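A.B. asks: Annotated domain 'Ras-associating' per TrEMBL: 127-213, in sequence order. The domain 'SARAH' annotation in TrEMBL covers 215-262. Taken from TrEMBL, the feature coiled coil applies to 234-265.
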Amino acid sequence: ADCRYTCHQECRSLIRLDCRPPGRCQSQLSPESTLLPLCSQNVPQAVEEAKPAPPTVQEIRQRIEKYNAKVTNCLLMKLNDDGTYTGFIKVHLKLRRPVTVPAGIRPQSIYDALKEVNLADVTDKRTSFYLPLDAIKQLHISSTTTVSEVIQGLLKKFMVVDNPQKFALFKEMRKDGQVLFQKLPLSEFPLYLRLLAGPDTEVLSFVLKENETGDVEWDAFSIPELQNFLMILDKEEKDKIQQVQRKYEKFKQRLQQTLKEARNKPG
């Protein structure tokens, strides 16, 4: 009421102000004191977020039982004796850029997967192509599998040899008719998020996308890759310009038609 501090409604419970009696702060303000921390309620106090205690094995067991009770397919979660658990997550691939893969080699076989044979090491030849938009890949992972390991596993399954730092895993949520994306830190555990949200992918789903520009380490790219990016950006820019031009050309035609009809009307 005195300092007019403003915050988001959802953040109100996190704000801690060292408020003084009403009116005191306003009355004590002076040109000299505005540079001093006299009215400390103008600045929210730093509050350390209390990290929740890790769930016990019993709590995990109860959550898994509730999770499996809602599963409509065979993709159940399983609790291990050591307290870890395994399960499945589905990842949507929404990549707008081409990926780099080895050229001229056969697809990975079951034998290669079991023996962990990396076919990318067979040849130095590389080629680029677009992965199918919104392709879905199902992964069987553990509760100890991190986001970083999920990204590396996806790239390995598709034999993508690009640097994993070029990609990021997002969680997609739907709230009030809106689709919200949140980038997950590399140390996060996707299976635990899946367990908390339940098996319904409408509540929570995972999406692999290109990393945000501000987080990309461009030194990890080769010269041909950087040149390829420039060509792609140039093409996207031209396409965007054409879209805008077509939009305003249609608007111009409708406006001219309206003016023409108005001139032909009496009065």
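Each Cβ is built from the backbone N, Cα and C atoms, and glycine gets one as well.
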A.B. asks: What average pLDDT does the predicted model assign to the coiled coil (234-265)?
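C.D. replies: Computed over the coiled coil (234-265), the mean pLDDT is 88 on the 0 to 100 scale.
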A.B. asks: Would you mind splitting the domain 'SARAH' (215-262) into helix, strand and coil residue counts from DSSP?
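C.D. replies: For that range the per-state counts are 44 helix, 0 strand, 4 coil.
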A.B. asks: How does the domain 'Ras-associating' (127-213) divide up by DSSP, counting helix, then strand, then coil residues?
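C.D. replies: In the domain 'Ras-associating' (127-213), the DSSP-based counts are 23 helix, 33 strand, 31 coil.
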